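Visitor: The following feature annotations were taken from Swiss-Prot:
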LIPID     Gly2  N-myristoyl glycine
TRANSMEM  45-65  transmembrane segment
TRANSMEM  68-88  transmembrane segment
MOTIF     89-93  motif 'Histidine box-1'
REGION    95-99  region 'Required for C4-hydroxylase activity'
MOTIF     128-132  motif 'Histidine box-2'
TRANSMEM  210-231  transmembrane segment
MOTIF     259-263  motif 'Histidine box-3'
Amino acid sequence: MGNSASRSDFEWVYTDQPHTQRRKEILAKYPAIKALMRPDPRLKWAVLVLVLVQMLACWLVRGLAWRWLLFWAYAFGGCVNHSLTLAIHDISHNAAFGTGRAARNRWLAVFANLPVGVPYAASFKKYHVDHHRYLGGDGLDVDVPTRLEGWFFCTPARKLLWLVLQPFFYSLRPLCVHPKAVTRMEVLNTLVQLAADLAIFALWGLKPVVYLLASSFLGLGLHPISGHFVAEHYMFLKGHETYSYYGPLNWITFNVGYHVEHHDFPSIPGYNLPLVRKIAPEYYDHLPQHHSWVKVLWDFVFEDSLGPYARVKRVYRLAKDGL
């Protein structure tokens, strides 16, 4: 392993994303999979429990020493808040109440956003649609790092820093790559979040607010669960741009590890994704997969072939009216 990543550009391809064709083939062969495209009634209750757990944690940490507050923010709060962000991910696909009740899904996402400390649920939904429709799309898929990230974060130390700062890159990258007009829902999301933060501060003081913010920053940064950010689409093997992970961390992440299955069928809630693989194993079992998100992070930092540039990119031709 050298001191600098060996890649100097993204992996440019001139083919369509593989998920579209695989989806057609699987549905033609196994039409019963359509029955999995239904709302998950468990999702709203899981969100309620996670939010209440963090509110209880806010009350418990109000008198803790700062060092212990930060410890629990990483060890416990980071897991809960990261789980909530993945609930928001599922909700962005209308998994809680179905496409016919979009408003209920949006407000559940805003509610799930409360322990995260900063408003982002409405913005996430706005951009996540493009991630699926234009996977790896130049100037469209804001999940792909910028050229500046690829150029600068090219050594083990810098890649480690990049992982620590993931929450900032995911928040700021859309504004640079594909800025969009602010929506009414984003404004409401912000107002509700600010009101919640102020209420927590008024009730229990500064420490619970810091606990929630630290839980988000630490839990979405250099954290075992954050391995999924890298595991999902970074090119560990040439020719493959999406990878699944079938390990135990799926239990607390709404099966986000079933990522190939998710991109094949975005309308299937995370709870049902294991059934997709069970019904159509010949489409998934032979694909390369990850077995440890921690190992993913280790390899990303120390393997020369990996870094922010290790992403597949393609150019999409859009209609004149844009998105």
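The backbone N, Cα and C atoms fix where each Cβ goes, glycine too.
Any idea what these are sitting next to in the structure?
Guide: Through the fold, the transmembrane segment (45-65) approaches residues 72, 76-77, 80-81, 83-84, 87, 91, 96, 108, 111-112, 114-115, 200, 204-205, 207-208, 211-212, 215, 254 of its own chain, all at least 6 residues removed from its boundaries and within a Cβ separation under 8 Å.
Note on the transmembrane segment (68-88): residues 43, 46-47, 50-51, 53-54, 57, 61, 109, 112-113, 115-116, 120-121, 124, 207, 210-212, 214-216, 218-220, 223, 225-226, 252-254, 256, 270 of its chain, located 6 or more positions outside it, place their CB under 8 angstroms from a CB of the stretch.
Nonlocal intrachain contacts for the motif 'Histidine box-1' (89-93), taken as residues 6+ away from its ends with a CB within less than 8 angstroms of a stretch CB, comprise 40, 43, 47, 105, 108-109, 112, 121, 124-125, 128-129, 254, 256, 266-267, 269-270.
Cβ atoms under 8 Å from those of the region 'Required for C4-hydroxylase activity' (95-99) belong to residues 38-40, 43-44, 47, 105, 108, 267, 269-270 of the same chain, restricted to positions at least 6 beyond its ends.
Using DSSP to sort the residues of the motif 'Histidine box-2' (128-132) gives these counts of helix, strand and coil: 5 helix, 0 strand, 0 coil.
Using a Cβ-Cβ cut-off under 8 Å and counting only residues 6 or more beyond its ends in the same chain, the motif 'Histidine box-3' (259-263) has close neighbours at 17, 19, 132, 135, 228, 231-233, 242-245, 270, 273, 276-277, 284, 287.
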Visitor: Mind looking up the mean pLDDT for the motif 'Histidine box-3' (259-263) in the predicted model?
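Guide: Mean model confidence (pLDDT) across the motif 'Histidine box-3' (259-263) is 99.
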Visitor: Per DSSP, what is the helix/strand/coil residue tally across the motif 'Histidine box-1' (89-93)?
Guide: 4 helix, 0 strand, 1 coil
Visitor: Provide the three-state DSSP residue tally for the region 'Required for C4-hydroxylase activity' (95-99): helix first, then strand, then coil.
Guide: 1 helix, 0 strand, 4 coil
